[in-house]
Amino acid sequence: MSSPAELREGYEHFDPRAYLRNNYLPPRADFSSEEFVVPWKLRCLAETFASGEIRGRTLIDVGSGPTIYQLLSACDHFEEIVATDYLAVNREELGRWARGEPGAFDWSPFIQHVCKIEGRGEPWQDKERRLRERLRRILPIDVHRPEPLGAPLRPPADALLSAFCLEAVSPDRAAFVRALAHVGNLLRPGGHALLLGALGESFYLAGPARLPVVPLEESDVREALAAAGFALRELRSYAMPAALRTGVDDVDGVFFAHAQKPLEA
């Protein structure tokens with residue numbers, strides 16, 4: 001596997017629009033059935049936030065990439081959402097959407113689907129507006145540093161969310177565990193962490209970039225969370241059907257984990 005320096009060099013060729021086309025347009029972004037991967041991810045998040053347990057002042061999204069779908073259910077439960085990414089091109093893509101600029105990626109099908117599964121009869125435009133209002137900061141981050149933002153988050157986040165980031169920027173499982181521990185430093189004691197990630201994936205494509213990924217199994221996720229000091233609350237998995245194996249990666253499935261940072265003694 002590559003070193004962190006080689007991984008950083010590979011990400012210099014990352015194309016946000018190619019990544020979005022590969023993963024967030026059909027066939028993967030098909031809302032006609034819950035059997036498709038994007039509706040599965042959205043339902044995991046919607047059901048977890050619907051419990052009302054995960055709420056507070058600040059949620060930090062670690063390694064947002066160029067996507068906002070992972071924040072749609074979260075935005076109802078936090079006063080502020082902090083998005084982060086290592087790459088300036090991804091932060092710029094997020095900023096374009098947050099400002100409502102022409103040409104930004106169209107997330108409206110995702111927002112409409114989340115409103116449907118949440119079942120409150122809310123106009124999707126209201127949720128879009130609320131997320132834009134609460135997405136107040138888009139910051140650079142490096143999960144390989146003990147202080148990923150360069151300084152402690154003040155106050156610490158009440159919850160942490162990370163989707164398809166840590167396994168894609170770590171050269172091996174040990175680095176994945178360290179990255180989990182580093183981002184845990186951004187979270188208050190007792191705070192919740194929600195992770196979406198790839199199972200059995202060794203690479204993915206984003207335009208000219210062919211990026212390595214640490215292949216994980218469910219057992220690796222359990223062990224990594226424990227080693228990073230988190231208590232696992234729930235772990236779900238999804239097997240990628242043959243129709244969605246499009247050649248843009250070699251992913252076997254997706255995991256969703258809900259973990260909690262223990263209260264300090």
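From the backbone N, Cα and C atoms, a Cβ is placed for every residue, glycine too.
Feature annotation from TrEMBL assigns S-adenosyl-L-methionine binding site to Y19, Y24, G63, S64, Y69, D85, N90, D142, V143. For N90 (S-adenosyl-L-methionine binding site), the number of other Cβ atoms no farther than 10 Å from its own Cβ, over all displayed protein chains, is 23.
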Discussion item. Let me make sure I understand the span of the S-adenosyl-L-methionine site: among Y19, Y24, G63, S64, Y69, D85, N90, D142, V143, what is the greatest distance between any two Cα atoms, in Å?
Written reply: 25
Fill in: Cβ packing number for Y19 (S-adenosyl-L-methionine binding site), 10 Å threshold
23
Worksheet, complete the sentence: One finds that other Cβ atoms within 10 Å of the Cβ of Y69 (S-adenosyl-L-methionine binding site) number exactly 20
